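Novice: Residues or ranges marked as phosphoserine in Swiss-Prot: SER24, SER78, SER95, SER134. Per Swiss-Prot, the feature region 'Disordered' maps to 103-133, 449-469. As annotated by Swiss-Prot, domain 'Protein kinase' applies to 135-419, with the evidence given as sequence analysis. Here Swiss-Prot flags LEU141, GLY142, GLU143, GLY144, SER145, TYR146, ALA147, THR148, VAL149, LYS164 as ATP binding site. Summarising the annotation, Swiss-Prot assigns compositional bias 'Polar residues' to 456-469.
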Amino acid sequence: MCDLIEPQPAEKIGKMKKLRRTLSESFSRIALKKEDTTFDEICVTKMSTRNCQGTDSVIKHLDTIPEDKKVRVQRTQSTFDPFEKPANQVKRVHSENNACINFKSSSAGKESPKVRRHSSPSSPTSPKFGKADSYEKLEKLGEGSYATVYKGKSKVNGKLVALKVIRLQEEEGTPFTAIREASLLKGLKHANIVLLHDIIHTKETLTLVFEYVHTDLCQYMDKHPGGLHPDNVKLFLFQLLRGLSYIHQRYILHRDLKPQNLLISDTGELKLADFGLARAKSVPSHTYSNEVVTLWYRPPDVLLGSTEYSTCLDMWGVGCIFVEMIQGVAAFPGMKDIQDQLERIFLVLGTPNEDTWPGVHSLPHFKPERFTVYSSKSLRQAWNKLSYVNHAEDLASKLLQCSPKNRLSAQAALSHEYFSDLPPRLWELTDMSSIFTVPNVRLQPEAGESMRAFGKNNSYGKSLSNSKH
């Protein structure tokens, strides 16, 4: 079903520290031209096509970095207690660090923007790219723990961009989340993955320049409450699975799937974004943190302390997002603590045991006496709108499996009967081709939407009027 991403042996941990120093120091040596190959040497350059277990991937090392250069990268020890109540209740908030505009603040009291004809984002080619003065900041979109995102404009070609400005601290070096995101995205070219245009490094900041994307799925669902048009759900889900299949085939996990990390362009394209927590097997790590996915979209195996991650980790999030798009509410909106989150899952899927989930008793935080014993129920009993859409309940049930080994992979999900009424050409597209280049593939107006919001010049007919956990 899904590919296992195994933790690395303990003796390789030293390599991780060396890699962090190498990558962090390397940012100060990046030439200011986008086409410079120095940064490529930092990235994963070859991924084996063999089964993920036992895969040896190749990283090019930078022999030019002096060994006496000590670049400290902050490491924090996790104090995660899965049953400790958080200081505040979990609440739905919009993303502050993805490459999109805050829809509510920009569109209140206005008509939904008209859609534009689809066009693939163009990569900068001018030698002026890579320079800090090549971009103009237009407005602040959000701020996270280590980065601030601005809407910007290229002074070279006038295109809108999203500027993710990462603050550097001399004593700590470059944040490793930034290194991960930049190094992974540099090698990912797909219509359903946000495009990294440029990298700008100064003494104080590291700026990642992304294509500008109009909104995100969270804001889109907030704009259209009560569940999305079934046809639109299908197209969004298809694009999500396309993007995931692409990265999973390269043994990369996203690890932070949630609606606010799924960007929606004004042509209807869905793009995976925010790869700060993404992990490639080629980056050595003794264990993976279990504090990686927002609570509502975190799979039960991770909640129970498993660190043996596979691509199935992402597939649980897909199932949660699928249900949320159809039903109009989060699938498992835990409000108290980890225990409450697990109870909400078990209430629908049944409390696991060794018969239904072999190995569950060996998970660090599984204590049978802590949980009420529930029997599983059909998903339509929990989310009635699944019954209105052909094959939706069956697909959701194959994604929302407590045992990770039983979850459908992204590639297998794309072949599910739920998608059988889509044009066959969608499965023949090249990686960088949008699904909206296929005739008659278009988003439908959401309930209550004014037809004036749909561009008359849209070559695909009716299309998108745009609008968390």
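The backbone N, Cα and C atoms fix where each Cβ goes, and this holds for glycine too.
Have a look at these and tell me how they're positioned relative to everything else.
Specialist: For the recorded site, SER134 (phosphoserine), the DSSP three-state label reads helix.
Around SER145 (ATP binding site), taking its Cβ as the centre, 10 other Cβ atoms fall within 10 Å, counting all chains. In the three-state DSSP scheme, SER145 (ATP binding site) is classed as coil.
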Novice: Would you give the longest CA-CA distance, in whole angstrom, between residues of LEU141, GLY142, GLU143, GLY144, SER145, TYR146, ALA147, THR148, VAL149, LYS164, the set recorded as binding ATP?
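Specialist: Max span of the ATP binding residues, Cα based, is 14 Å.
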